[in-house]
Structures are given as structure tokens and as C-alpha cells.
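First comes the structure, then the notes that go with it.
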Amino acid sequence: MAIVWSILSQALHIVLIVAAAPVLTGVLRWLKARMMGRRGAHPLQPLRDLLKLLRKTPVLAENASPVSRAAPYLAAGAAVAAAALVPSFARGMAFAPLSDLIVVAGLLALGRVAMALAGMDVGTPFGGLGAAREMSFAALAEPALVVAALSLAILAGTTNLDAIAGAFREGGLGLRVSLGLALVALLAVAIAENARIPVDNPATHLELTMVHEAMILEASGRHLALWDFAAMLRLTLWLALLSAVFLPLGQAPAGAGPHLWILGLVAWVAKMGALALALAAFESAIAKMRVFRVPEFLGAALLLGLLGAVLLFVSTGLT
Amino acid sequence: MLTLLLLATGSLLALAVAAPVLARHEAGGRAVFGGCAAASLLIAMGAIGGLLGSPEAADLPFGPPWGPARVAIDALSAWFLLILGLAGTAASIFALGSLHGPEAPRRLVPYPLFLAGMAVTLLAADGFTLLLGFEAMSLASWVLVAHDHEEEANRRAARIYLGFAGFGGLSLILAFGMLAGGAGDVAFAALREAPPDGWRAALVLALVLAGAGSKAGLAPLHVWLPLAHPAAPSHVSALMSGAMTKVALYVLARFAFDLMGTAQPLWLGAPLVALGAASAVIGALRANLEDDIKTLLACSTIENVGLISIGLGLALAFRGADLPALAALAAGAALLHALNHAVFKTLLFLAAGEVLHGALSRRIDRLGGLIHRMPVTAWAALAGVAAAASLPPLSGFASEWLLLQALLASWRVGDLAFQMGAAAATALAALAAALAAAAMVRFWGLVFLGRPRTPRAAGAEEGGRLVQAALILPAGLTVLFGLLPGLMLDLAEPALRLMTRAAAPRAGFVAIGAAEGGARYWPLLVALLLAAAIGAVVWAVRRRAPTGVARGPIWDCGFIAAPHHLPFGDPSTQPTASGFGQPLRRMLGTSLLVAREGVTMPPPGATGPAILHSGFDDPALVALEGPVPRWRDAAAAQAERLRDLSIRQCLGLTFGAVVLMLALLAWLEAR
Amino acid sequence: MSFGQLGYDVAHLLGGGVLLLSFVLLYQRRIGAVINAFATQGTLLALAAAWQAHAQGAPGLYLTAVLAFAAKGVLIPLALHAIVRRLDLHRSVETALGVGLSMTAGVALVGLSILVVLPATEGARALAREDVALALSVVLLGMLMMITRRNAISQVIGLLSLENGLILAAIGVAGMPLVVELSTAALVLMVAVVAGVFAFQIRERFDTLDTGSLEEHRGEGR
Amino acid sequence: MPLQWAIVFFAWGGAVALAAVPRLRTATMLNVGISAVFFLLAVALALQPFAQHGWTHTDALNTPFILVSAFVGLTTSVFSAATLDQEGFDHWRIRAYHAAYQVFMGAQTLALLADNLGVMWVAIEIATLATVSMVGVHRTPAAFEAAWKFFILCGVGIALALFGTIVLYLAAQPLLHEETGLSWAALMGVAARCDPNTLNLAFAFLLLGYGTKAGLVPLHSWLPDAHAEGPVPISAVLSGLLLNAAMLAVLRAKSIVGANPDAIAPGPFLLALGLASVLLASVSLWRRRDVRRFFGWSSIEHMGIVAFAFGLGGAAANLAGLLHLLGHSVIKSAVFFGVGRAAQAKGSQKIADISGLVATHPALGWGLAFAIAGIAGMPPFLLFVSEFRLLTAAAAEAPWLGIALVVGMVMALAALITVLQALCFGPPTPDAAGALDGWREAAAAAPLWLHLAVATLLGLAMPGALGAMLAEAARIIG
């Protein structure tokens, strides 16, 4: 029986997170507009855009290779696969054993590489520029992520997201400085990975500063729809990940059956909403930084993460 | 098994001897390379047999004046023989396929010798035989590095290469001497009896790091590698990067895990971890800045060697801290990554050789858009690139996942200083992996994607059947090892037991695990999940979207018609090698590699492109070619003053010696 | 025989005379006088050899004595005089080290050799000890002369007196086998040197101080 | 007449005969013939059981060297037959050269055979006189400079050696019967009971005297120039044979002093001289512009290594030293064959004028390349084996000294590689006149490859008898 529940919850989780992606983006934009004193578009607008884009025939450059056509599917698929591994409203879902933090990072990297290659496919300056910056920022984000993972692994004894969430849920760890530091590091990584302010501005097409947009300038039609969808999904994934690890309360054990899921669902939606609100506030509060300030931003995150790990060493050494 | 392996080695030597005669005939080259391919395949099979079977040993009928040369095979050497066999097979088939007409003896003779030297090194059971193979391997590959000696650059590479080889050999001899002690018996069995301790152990490790480390390309003795590997013919570069560095790492492992005994303290691993982390970052960063594809790949080799040595160092430390399971985990990560890197780096070098052969250039800025003209090469290379970028579900990711797990567990070693160092190493390893991904995207994207940058690149041609086979074979292995790392880890188990007296955590047939009940990685399931997700996406899109695509000119924020004299567009409107490296050069290069860059802008109103000049100096190379020769020349100048004496003054020297000696005697006798 | 006996005294006297003449060689400033001093040394050496032949009852040594006298007492000095005339070297010896200094150095060398030999040869008989000490001093003085004189003739003479020291040692050690052959062979070497000087008319070749010319002499000119 | 004397006097008789032959072709052929017979005699001598005949003896220490010197003498005569007409000799010099060659061969064999130290001294003196005349045979100012320097320095050197010999007898005098007074075997017998201080004095003079001929720093000044002037084949025999004889003389002295527990330990002196030679040579190599002088300096380095080995002492290090001497004889003479032929072909012995040999003369170029690699201690040649043995022993006994030695060896190695590539690789320089016709070109390259083959054989598959002999010799030296 438990197996059935876990599979069901897994399926529900996938549907939920896929559906949530456009909506979350819409809500985020709406919140930002509100905070800036604009009315803002309807929260479902991104969904409508996607559907509209899907109906259009993409235009490819003459010298576009199969890469241009395959990459969007690969990126979207990788995003979906990664999203399927992150616990959301319940723990112990069917894929829980697979949900390793490093594997998730690897799947995200897969999508990133696909996007970079797609950007370079037809040999435009913008594509190359975007790819170069994307990969460089990732190179600095990766260590921060792994160091944060180090702190989590020391506390939970594993890098399995589900187990980590469980360990934090059961508590006994209490509140730790090092956890806070790891959280900051992860937040910085999330911002960089999703090309949000202050690293990049998702709403602009100003060539010299853009990173993410530069790579998909050539994309159109369903390809563009897939790129956008992958981006939205990644944002959702990160928020889900943060909430699962640092706000584990309310997660239902998958085996417990639907009646408890409801509670978990409510809690999850609330957490995501809160995170979206916080992100919107953060983004509208500060300005985008110059491209070559980003390394300092991520380097600081890395150092904080390291500091957290060291503090942990000390504390574990004492106890 | 041992007889089989010796047979293969002997046949390689025979081929080398016969090569000068064969070279006269049209089919001579085919015979040699075909024979090498067969022998390599034999070696691979013998290695698998050795991994499954029990250790064997034998004495050769010849050897140094003081005794026979001893050979043996155990799990550790068998594992590296497997690496050698796989890389050798692919490289030999490639060489066979890219033959055109008769081959010069100087390219034909050393190749089998090179393979045989590596095999002897791996089979050796005493210090002399090991050094014999080690130096023979260096000498043979030196001839191949110098094969195009009309070029000053290649001569420089060969000079530095052979110099480092000799230095490494001498250091290793000293290391063996330190281990052997007064008895002077360098048979491995005898060396195991008396493990060194205290400063002797430290000195041995330092000498081994100087000897084997320099051969493997560990910083700061890596400088010869980016010079020498590209200078050799491509199939040899593949072997040098894929197999030779592994042979050096084997020597390192043989010393650190076997000959120096199991009762070594924790800190013995620290230098390996530190040097490995440094090499990983330096190599990966340089790979992002080089604009010669073979040099780029050589730098990525430095990075991977660094990662492997981190694994070995961690295993040593864990073993010293009495954490056998973790030691096995780290050692398994190292061995697995050695195998995976050997396969995908061989693949990449062979692809680079095919690119060089098809588009007649190794410089990124003269290539581009090759995926249209050389699809097989491009897709095969993509497999290698994805593995080198450690993307799931390919082989590189599996081994680096294991390595990261080992690093994440390194805090279990109680020592605080070690914990901090390991945390830093963790960050550096992750940085290196991500940098490697960037470098690989740069390599594949600029070479195979985009538009051709020269007419020759536009007219590139795919290689023959054999060449494609030589590319597809390692590509397939890369995927296979990526999907079944558990299988390979089980195969490596005897080697792990030999190194750490423990087995890697069992995680079943298709998975690898960090620890009993710890994190797991199921490559097959992840691959299936990925495939399913992609399938779902495709299905969903197909349901709503119209099929087919429209073709149009490149948009690029506005349409610009290509100038007439450049049918495939103006190359200068494409990202260049140095342009693509710019962000990393600014972020890290300036601090780590004293990188520099400058832009020459066209005058206002002119339509010419802005040219970006950039470059960097590897500090180690600067030191090698700056201060060191200066000190040497200063010393030489002093020595010359002694030489310019007249006969009378030379007599004065003799006289002085006599008087000094007599005074010494008088003094001694007075006491 | 031991101290106070005639044989000892004579041998000692002759040995001392050879040593004294080495000092004279160091001291002389005029080349002719140097050659004459060397001739005297050779003659004294011959006498010493003859006396040892008598004292040790070794007839072979008489041959050594005759050879020494003929070669070093007569022929070689004549040849050297001839060379001096032939190359008309200016008659004074220019020294690299002042005469006074070289004399003091010589004294120091004698002290050194005695210091080395006397404890060294405890086992041997007194006469041998004395003799070896004297011989060693002569050898060292010969070398000193070779490196403190600038022109070829006096350097050759330094070598020759060095060789005298060897013979002195050889004859002093009673019962040395092959002593005649060895002394003859050594003499051959010396004659060869003199012949070299004579044949190639060497003035300064010992002492080419101009390193530039050395460079091209040594075939390493750029 | 026992074979030991027959072989010597055969060579000297050959010298007399050669002195009478003015025609180049005849003389060279006769020389080859004599050397061949000489080699056969040496083999026969080696096959005989060890024995003592009056002043001479054969033992495990000198037999291998007699074999090697006869071998090198043979190959050198072949090489000189192939290339001598490039020297442009008149018939007087042809006579002088060949006569001196055989005189030298005989004398240095006698020096190896001698049991009586006096005889050994006389033999070495004769060898010196012969080589001096060969070095100076060109009569150019450079040749004069070299020959005269060689003559004077070595003259003083062997004079010192004679003094040492006399003092040695003085030490043994109370214990020995007159006739056997200078016999090495007899001295070894009584060395333990001799007066140690006298032995010290004797050792000092023997070391400095014969050390001069062995070219140990600071007594080395004559060596590079003597190797660089004179006919090409002479460099080969100088490096290959003369140095061995001198080093063996030093060894005999060392073994006597070493046999006396109260005397000073001779090892440290050899260690010091050896290390000094290696270090000085390894830096001086970098300043050479003349290729034959370069390899002369490399000979100094290798003699230093040998001295280091014997100074270290012990069975392993002694074996290493002996192997190194043998290997150096074989490989260095091969190098000089190659270098000499190249210098003739390019009409200059400046390193800058010789380049790209592998392109223009493949057999010569690659042969030379591998010979230099062998000199640098690369496998599979004998020097690799000996250096392995030496360094393992050094690391076990005195690691820091071993590291100092390796520093010097690495610097020398780098210099050798640089010159190797400068000579063999790169764009070829034009050939001067003097290309040999086919078979002579082959005959000039053949000895080089033969030596490489022999060096490999000795390194990896040494005949058991020879190996046992060397082990025994290592024990003799003590």
C-alpha cells in the first residue's frame, strides 16, 4: 500500500510542480509590479504566453545544426527530471532514493550546458557572450553549492535531499549559525542559477548585461516556449528545494495517505508564496550589479559557506 | 594471465624491432599499428583476467647484473593495465585508420616501444624493472614528441619533456634506495618488509611526488605537459594523456599504498590532496584560456590528474585515520576516475586529431561549424565532452560524484587542520569540475558549432571507417561506464582491497553508494527518468505545436548581410577563443595565472573589428625558464673563471691540492 | 745504521745539500745561475746515490748515480744553456711571486713536510725518515718553483728538481726494487719535457695569461 | 713467454711495424688487423684462469677492463680506418699516429695487467707519452696548447704518483721481502700491519697523482682540451681507456689503504673529489661551444660519479662504480665516434655549426642521439643500470649526498639533452666537403651502433661469468 501511495504522491508532485512553475513566475512578476506601484499583468500571463508560443512555428537560422532543435527538449527534460527529485509537499515519494543533491545539481548543469551550446550553435556574438558568462558564473556558483552541501551532509550524514529534509524535520539539530551561513550561500547560488537580480535581470534585453537571455536570442516558437518553461521550472525547483531543506515543517510522509497530503500541500503553497514574496521584495529593493562584480558576490557566498563548515567542525570537534 | 600479458608485451617489442624493415614496404605501417591494436586488446583482456584471477609473479630470463628482472600482476596493476589496454586499442586503431602511404621509421619504431614501456612499468615487481619501463616509456615518447623537430616549439617541448623525464627517473631511483635501505634489494616483496617511518617516509613521499608526480602532471611540475602532449602525433597524445599519466599515478599508488606499508600516518595523504587540488584548478583554468585544442585537452588532463590524486590522498588519510570504508570509497573514486578519464580523454584527443586532419588546424580561431562537415566526429566528441564536463549520466559524473562524496565525508577524520584543508579542497574540486565544464563547452561549441572561421574549416572532411570506429569505440565505453559504474567498481574491488584492506560500500549492481545506508547514485534510473522526462516534454509539445521549422537568416538582433568575400559570414563577428575565455580570465586568471589582456579599438567611425589581445604565463613555467637558468648561468660563469687559468695556474691548483692534503694529514695525525 | 754514525751523517749531509740547492734555485734571479745551481743539485744527487749504493751494498744504485750525473749534471744543463742562447731569453728570471715571499713559502713547505713525514714514518729506519722528509721538501719546492716562475726554462728546471726529489726518496729507501728502472723511466720523462721545450722553442706557453687568446687556442672562440 | 706479456709485446711489435708503413690505406688496414688479433689475445687471456706472472697478474678487477679496452681499441681502429683520410696526414704523421696508437694500447694494457705498482707506473707514463704525441700531432697552436698542458700537468701528476709509490714501499718495507716489495697482492696481504700514517701519506700522493690522470676536479684542467684536439679517434681511446687505467690505479691504492683499519678512511676523499667533479662539470657543460670539449667535460662528470661510487664503498656501490666505468668506456667512445664523424662531415666542431643530423645522416644522427641519451643515463644502456645501483646505494647510505649528486646529474642531463637536440634535430646545416663513399660511411657508423648494442647487452643481459667476475672485483676493492 505504501508503495502505491509513494508512487501516487510522486506523480502528484510532478504534476503539481510542473503546473506551479508558470504560475509562480506570474505571481512573482505580479508582486514585483505591485511593489513598484504598477498594476502588473495577470499571474497567469506567463502560462498564456507559453501556450501562445507553442502554437507558433519556430524560425531557425540556415546554419543551425540539430543542436538548436534538440537542446530545448534536453533542457526542459533535465529541468523536469530535477524537479521530480526535489521533495515538495511530502517526503518518501517514489523517487526519494534518487533525490541526491549532487545529482540534482548535475541535472541542472546538464540543462545549463544544453542552453550554452544552443546559444553558440549559429555563431552569433550574443550567444557566445551569454554562454561564456553563464558557464563562468556557474563555475563560481558550483563551489558555493557544494560547500553548503558539505554543511548539510555533516549535519544529516548524507547528501540525499529527502533524508536531509527528514533529518531537519525531526529536528534535534536545533538552530545553528552554520546552517544560517549555508542558507545564505544557497540563496546566493539560487539567485545566480536563476539569473535573478542582482546577478542578471530576467526582464531586460539590454545586450551588454544580459546573460540568460543572450543565449536564447535566436530561439522562437515552441523552442522559446521550452526555454522559458525550463527557466520557470528551475526557479520553482530552487524555491522548493530551499523550503524543503530549511522550512521542513508541514511535510507529510508520503506513505501516510492523502488525508495528510492536504496539510502538506497547504503548507507547501504557503511556503512557496512566502519565498516568492521575499524574493520579490529583495529584487525590487536592490539594483542589478555590474557583470564583473558577480564573482565577488558568489565568492562571498563561498566564503560564508566555508565559514559555516569550519564552525561545524569546531562544534562537532567539541561534542 | 601473466604469460598472456608478457606475450603481448614481447610482441610489441618484436614489432618495434621489425618496424625499420617493415617501414620500407607500403603495408608496413598497417602491420605495426594493427599489431599494436591486437596487443593492446590482449593486454586489456589479460588485465580483466588478472582482476578476476589471483596474483601471479615470475622472473624474466634477463635483467640487471645483480639478478633477474621480476614481473608480477596483482589487482592494482591489472586495473591500470586495463586502462592501458583500452586506450592503446583505440589509439592504435585510429593510427591504423589515419595512415596514408608509408610511414617514416622514426614514427613507427617508438610507438610499440612506448606501449611496451608502459606495460613493463605496470608489470614490474622490482624497482629496477619498473624504472626500466618508466624511462623506456619516456624515451620512446620523447622521440614521438620530437617527430616534427623542424619546429622550434616542438624541439623546446621535447627538450623540457625529456629533462623532466630524466629528473623523475632519478628521483624515483632515490626513492627506491631510501625504501630498500642497506640491503639494497629493490624487489617489491623485500621493500614491503621494511616500511619507512618518520622523516624517511616523508622524504620517500617527496621523492615519489617529484618523480611520479612530475610524470603525471601534478602542479607545480606540470609545465612540460601542455607543451609535450600537443607536439606528438594525435594518437600518441591520446596515449600520453590517457595512459601515460595513469601509469605515473600507478607508480604513485604503488608506492603510497603498497610499498610504504599500511601503517602510515594520516598526514601522508595531505600533500597529495593539496597538490591535487592545485593541479585541478590550474589545469581547468588554463583549459579555459588556451586557444590550441590539443593544449586545451592537455590542460584538462592536468585537472583530472589533480582530481585523481585528491582521491588517492584522501584514501591515504582515511586509511591513516583508520576509516577503511571511507578509504575504499576515496580509492574507488580515484581508480574509477582514472579509468573514465583515460577513456574519454583518449576519445577527445583522437577527435582533436581528426579535426586537425580534416580542417588542418589545431587553433580554435581557425575552426568552427565542423558539426556540419564531420558529424560523426562531432557527436562522438560530444560524448567525451559531456563526460569531461561531468554531466549525468555519463562516466565523468559517476566518478566525480564518488569523489565529492569522499570529500564530503572527509570531516570524519578527527584532525581539525585536516578538516579545514579538506573543506577547502572540496570547494576547489567543485570549482575545478565546473571550470572543466566551461572549458569543454568552449572547446566543443567553438570547434564544432557556429560558422567556419576559415575556408579550410568550411571544406573539412570526415575521416575513414576505421577512424570513425576508433572514435565510436571509446564513446560507447564512456556511455557504458557512465551507466554501470557499480559494475566497474565491483571489478575494481580486489584492487581496493589491496590498497585499503577494505571494499568500497556495496550499493548493488547498478548503483554506487557513499556509505552503507548513505547517499546513492543510480545512473541507470537517472538516465531513464531523464529519458522519460524528455519523452513527456516531446509528447506534450507535439500535442499542441505544429511540426517542422522555418529557416531564415541569422537574426542576431538585426540582420547583417555577410560580405561577398566571406561566403560563410565574417569570422570576426563570431566569439573567438580568447573572447570566450574573457570572463574567467578576468575573474580568476589575473590572480592565478598573471593573465593580461588588451583591446585595440578601431578609430571612431571605422568599421574594422576591435581586436582583443590576451595571454597569460603559468608561474611554474616562468620560474623554470626564468630564475633557474639565471642561477645556473651564474654558477657556470664562476666555473668558467676556474677554466680560463693558464697552465701555471692549473699547476697551482694541483699544488694547492697537494699542500691542502698534506696539511690535512698533519692535522689528522696530530690529533 | 743510526744517528751519529758516519754513513748516516754523509747521507744526511748529501740530502741536506740537495734541499739547500732547491732553495738556491728558488733564490737565483739570473737564469744562467739557475741552470748551474740545478747542475750542482744533479751532481749532489748522483753523489748521494753513489753513497747509498755503497752503504746499502746495492750495486744497481751506482748505475742510477752515473745516469743522474750524466743527465742532470752535464747534458741537460748544457741543453738548457743552448736553449737560452738560441731563444736569447733575457737573462733575468721574472717571478710571479717575489723571491722573498717564495723563500718564506719554501721554508713553510719544509716545515710542513717534516710535520707530515716524521710522525708518518715511525716504523721506518731513521735514515729513511730523514730522507723522505728531505725528498718531500725538495718535491714541494720544485712545484713551488714551477708555479712562481714565469718563463719556461725555470719552470722546466722546477720540474727537474722535483724529479730529483723523487730520486732522492727512491734511493733513500733501502732495498727498493726496480729503483733503477723507475729512476730511468722518470729521467726519460724529464728528457722528453726538455726535448719538448727544445724542439718547439717554448718560451711562455706555460703562462698564456691572455684568456682571449686562450679561448681561440682552445678552439672555443665564438 | 706468458700470454700476459705476449699481448703487450704484440702490440708494441705492431707499433714498430706500423712505424715503417707510410701508406695510409695499408697502415690503417694493418692497424685494424693488429687490433683484431690483439682483441682475440685479450679474449684468450680472459678465458685463462686468473694467475700471476712476475710483475703482472690477471684478477677479477682488471680482466673485464682488458676485454673492454681491447674491444674499444678494435672498433676505434675500424673507425679510424674509415675516417682517417679526413685528417689530411702526411706520411710521417701516419707513421707516428699508428705507431703511437699501438704503443698506447700496449702500455695501457700493461698498466691494467700490472701487479707490481712500479711497473704500473712505468706503463702509465709510457701511455702518457704516447697519447701526448697523438694529441699534438696536428701541430696547430690549439693542438700545441692542449698537448703541452696535458704533458705538463700529467707529468707532474705521475711524478707525484711515483713519490706515493715510493712511500708505499717505505710503509711495507719492514714486512716485505725485497723482490715482492711493490707487488699489489703482497701489499694487500700485509697492509693491515703496515704503519698507518705512512700509508696515509702514500695514499695522498697516489690519489692526487693518478687522480690527475683520471681527470678529477681540481686536477682536471688538461682533460677537455686534450679530448678536443688531435685526431678524432684519439678522443675515443682517451675517454674510453686512459681514464679507466688511471681510475683503476686509484682503486688499487684505495684498496691497500682501506685494508688497514688504523689508516684514514679513503672513502671521504674520493667522495669529495667525485662530488666536486660532478657539480663543476654539470655547470661547466652549459658554457661549451665546442662539441668535443663538451663531451670531454661530460667525461669529467662521469669520472666524478665513479669516484663517488667507490668513495661510497660497499659491494653495491663498488659494483655500480665498475659497471659505470665499463659503460662509460663503451658509450662515451660511441659518442665520440658519432661526434667526430659529424664534425668531419660538417667541417667544424662548433655545436652551432652542427644541426639536423637525423635528417641528413639518419644512421649517424639517430645513433648519436641514442648514444648521448645513453650517456645521460637513459635505458636500456649500461649507464642506466649502474646509475640505478649507485643511487639506490647512495640513498640508503647517505641520502643527502645522494640528493646533491642527483642535483648535479640533473643539470648535466639537461645540458646533454640540449646539446643532443641541437646536434641531431632541427633544420640541417649544410655538409662541408668530405662525404665518405658508401662503405666507409657505413664503417664509420657501424662501430657506433655496435657499441650501443654491446652497452644494451651488458646492461640487461650481462653474461653470467662477467657478472660474477665484477661481483668478485667489487669485493676485492672492499
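Cβ atoms are placed via backbone N, Cα and C, with glycine included.
According to TrEMBL, the feature domain 'NADH:quinone oxidoreductase/Mrp antiporter transmembrane' maps to D:114-411. Here TrEMBL flags D:6-22, D:29-51, D:63-84, D:120-138, D:150-172, D:201-219, D:231-251, D:263-285, D:305-326, D:363-386, D:398-420, D:448-471 (among others) as transmembrane segment.
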(request) Please indicate, using numbers and ranges, the residues of the same chain that are 6 or more beyond the transmembrane segment (D:231-251) and have a C-beta under 8 Å from a C-beta there. (result) 61-62, 65, 68-69, 72-73, 76-77, 79-80, 83-84, 86-87, 97, 101, 104-105, 108, 111-112, 120, 123-124, 127, 131, 134-135, 137-138, 161, 206-207, 210-215, 270, 292, 295-296, 299, 303, 306-307, 310, 325, 328-330, 332-333, 336-337, 339-341, 343-344, 477
(message) Out of D:29-51, D:63-84, D:120-138, D:201-219, what stretch is closest in contact terms to the transmembrane segment (D:6-22), meaning most Cβ pairs under 8 angstroms?
(response) D:29-51
(message) Do any residues, 6 or more residues outside the transmembrane segment (D:120-138), come within under 8 Å Cβ-to-Cβ of it, and if so which ones?
(response) 87, 89, 93, 96-97, 100-101, 103-104, 107-108, 110-111, 114, 144, 146-148, 150-151, 154-155, 158, 161-162, 165, 210, 213, 226, 229-231, 234, 237-238, 242, 245-246, 249, 252
(request) Could you give the residue numbers and ranges of same-chain residues that sit at least 6 residues beyond the transmembrane segment (D:29-51) on either side and whose C-beta is under 8 angstroms from one of its C-beta atoms? (result) 2-4, 6-7, 10-11, 14, 17-18, 21, 57-60, 63, 66-67, 69-71, 73-74, 76-78, 80-81, 98, 101-102, 105, 109
(message) Are there residues at least six beyond either end of the transmembrane segment (D:201-219) with Cβ under 8 Å to its Cβ atoms? List them, or say none.
(response) 124, 128, 153-154, 156-165, 167-168, 170-171, 242-243, 245-247, 249-250, 253-254, 256-257, 263-264, 266, 269-270, 273-274, 276-277, 280-281, 299-300, 303-304, 307
(request) Quick one: find which recorded stretch in D:150-172, D:305-326, D:363-386 has the most Cβ pairs under 8 Å with the transmembrane segment (D:63-84). (result) D:305-326
